[in-house]
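> Okay, handing you the structure first.
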Ligand code: NA
Ligand code: NA
């Protein structure tokens, strides 16, 4: 049987080319079931990624690669695994998913008829600056490109000016000094040539940019128990591979951006500002003082008990 | 989906279009019916988010803003004065006022996003003078029709915006990429007029001598348009503003010029608003239909089928582009260029990317194909407009034949761009390093 | 209908000018004072969504929706009128479809309490509600026109159908341009 799949945008790069696309293109081999996939990257369809959950629910697609930041428009609870400041590194990202993903799954099933099969992070979204900025406190008075509201709040709290801007325009804007700094993953930055125009990078992850796979629940229920187990196992394997690859890619891109070896991407000579305790404290403080309260309001309005559940799990682990 | 089904679907759609059904509706019907047949009703459901996605898009907001900008410059009479000023400067060159036609078209192009109104204005202002001086009628009409096409190549350009949005390319870079080809094509047109006037004199009456003080006096009419051009292109090139922001700056700048010149009135604003709404409504409805169709095309694997088919032909990149020129010339004869763009880009783009062609370069190439479509009969918007303006009720073939040399020039120019792609890509690449 | 269309055009135009002023202020503030109002992007999106729906309406009333009339222009008046009616019918269907889909969008946005991931955190139901109203107005005008056209067609008044709903966009536009040029000079 065939599954209609809405995938990542093609522009994502290696995770798309090496893992997700082959996984679905040879869906029978990946799952060990008698299945195939009609796989469409989201950017070739004209459908916006913010519509991911609505796509699964409508049943147009059986499986959708869900980008958590955009879909949090419809399901704010999805951000609970990745509030700004919650995950400065991969270890805390793993912990966040273990603690809070069950809550997210519940809401996806109840409100969006969606079975969440797994999640993985693109990787730490870090700060690239053109003027030399030594630490996060140095952002005071700087114009910083952000791509969602919680980052904007955080930049604001550091005394910077958040500037929302489309990804393709960022490189020029950095070059011409329209903005001073910009946030993204180091491999996206590498591919878009940001290090050409920036001078420094501060490797503190503002967030992890999660992605997940959702399957239409009705479709899921047509599978037998054995088939469900096989399907889940296949996605678990894919997730594990992507988690690992994501971390490797992050390390390599950081290395390449700063002229290190070995490097299979474009090599640049950015200065890496070693984050100090003050930086990690700033990020943690932002979580308590900034991103959690902002999210709390929106999430509780949409899902009852949302923020309380977060406090009991992630909040407790972080000592909030 | 196989290539035969694609070809049949395309033929059905073309037939509906030729039977004068609204372009936007035809694309929507094809998208919805095709999608429902392939995927069932959920596909139609999902198109709601596509419509909202297209229309709630800050990049697309630049489309009505640039149209409004052109309207303001036109309705306030700035464009008329511009033509008169240029005719004082260029009127005595061999080929005379024909250069003013091209020059004024290019200058207006640099401040406005689309072309019909500009072609109408410049034709109306210039044709009486051209007739009085005894210019050969075909040459006059041809230069007006061809000059009018520059509007979509020289930034700002609504067509480039739409290309950027469909192709996911930076609109800023596309605009900057249009500058050098725009200047070169304008020069090529002028060069042709010069050569033709030398080889085959048209025996028009020379313009009387114009004093230098008159000429310099006239320059003030060029200040406004140049200022607007600097604001838009400068702010994009320097990264000072995004294309949408630059459009907003342009609109505010133009309104200020109108206020300073004492031409602001409610009547004037009403005129601008109605015309902007009219043109924007037409364009945006087509774009909405195109995006709905695009969902079906991509889920149906049409682009993939076409890409595979083209790959099976084993063409080289150059061979592919030459084939595309032929394809677009034929399509452009029968189709309006906006429809042609939105219909072909989603399918053509994967093909050219697979062939290793730069999508920014291809954006300019597509625009050039659209320019061709504007002046090839039987469906050629600029031909209609210029023909409609002439007062002597001469035959349509005058303008069609008059534009023919420019068709040839544009094809030659497209070949030049294929041989020297740097003409397009050099300037946008300077934006980085 | 002319009146509704004029009002729609004014709302549309005023919205664009307002947006242009806001964006200009934002760009200048960002460049020279290092502060951003935030939300110019978002506002631009809403202005376009609502403005587009109004502009569809204006374009309909002035018969500007693009039709390719190579063959059409060479036909006698009766088949032309039939094609005019079919064209109007397809546009009505398209408008109806957009209203239906827009309603589903709005319903979902309300059900999920969706809000824009932006500084304003606008509940999506607001802009989508206004957008849907504008689309509904567009649909009402198309449907009203279709009723008139059907009546005329049934009574065999080809010329009326043709004059009211026919495609003569270029000719109309040109006439308007020429009239306006006279006014300017
Ligand atoms: Na232009
Ligand atoms: Na043509």
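Positions of Cβ are set from backbone N, Cα and C atoms, glycine also.
Annotations per TrEMBL:
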DOMAIN    B:10-422  domain 'TRAP C4-dicarboxylate transport system permease DctM subunit'
TRANSMEM  B:12-38  transmembrane segment
TRANSMEM  B:50-74  transmembrane segment
TRANSMEM  B:141-162  transmembrane segment
TRANSMEM  B:174-197  transmembrane segment
TRANSMEM  B:218-240  transmembrane segment
TRANSMEM  B:246-262  transmembrane segment
TRANSMEM  B:283-303  transmembrane segment
TRANSMEM  B:309-330  transmembrane segment
TRANSMEM  B:337-355  transmembrane segment
TRANSMEM  B:361-385  transmembrane segment
TRANSMEM  B:406-427  transmembrane segment
> Quick one: do the transmembrane segment (B:406-427) and the transmembrane segment (B:50-74) have at least 3 Cβ pairs under 8 Å, skipping pairs fewer than 6 apart in sequence?
no
> Which sequence-distant residues neighbour the transmembrane segment (B:174-197)? Criterion: at least 6 residues beyond either end, Cβ under 8 Å.
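For the transmembrane segment (B:174-197), the sequence-distant neighbours (Cβ-Cβ under 8 Å, at least 6 residues beyond its ends) are 93-96, 98-99, 102-103, 106, 109-110, 139, 143, 146-147, 150, 153-157, 160-161, 163-164, 233, 236-237, 243, 360-361, 363-364, 367-368, 405-406, 409-410, 412-413, 417, 423-428, 431.
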> Which value does the mean pLDDT take for the domain 'TRAP C4-dicarboxylate transport system permease DctM subunit' (B:10-422) in this predicted structure?
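Here the mean pLDDT over the domain 'TRAP C4-dicarboxylate transport system permease DctM subunit' (B:10-422) amounts to 86.
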> Test the contact criterion for the transmembrane segment (B:283-303) and the transmembrane segment (B:218-240): 3 or more CB pairs under 8 Å, pairs 6 or more apart in sequence, then answer yes or no.
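As far as Cβ distances go (cut-off 8 Å, pairs 6 or more apart), the transmembrane segment (B:283-303) and the transmembrane segment (B:218-240) do not touch.
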> Which stretch, B:12-38, B:218-240, B:337-355, tops the Cβ pairs under 8 Å count with the transmembrane segment (B:309-330)?
B:337-355
> Cβ pairs under 8 Å only, please: of the recorded stretches B:12-38, B:246-262, B:337-355, which one is richest in them relative to the transmembrane segment (B:218-240)?
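Counting Cβ pairs under 8 Å, the winner is B:246-262.
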> Based on Cβ pairs under 8 Å, which of the stretches B:12-38, B:50-74, B:337-355 lies most in contact with the transmembrane segment (B:246-262)?
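Between the stretches B:12-38, B:50-74, B:337-355, B:50-74 has the largest tally.
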> Hey, which bits of the same chain come close to the transmembrane segment (B:12-38), Cβ under 8 Å, at least six residues off its ends?
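Contacts with the transmembrane segment (B:12-38): 44, 47, 285-286, 288-290, 292-297, 299-300, 334-336, 338-339, 342-343.
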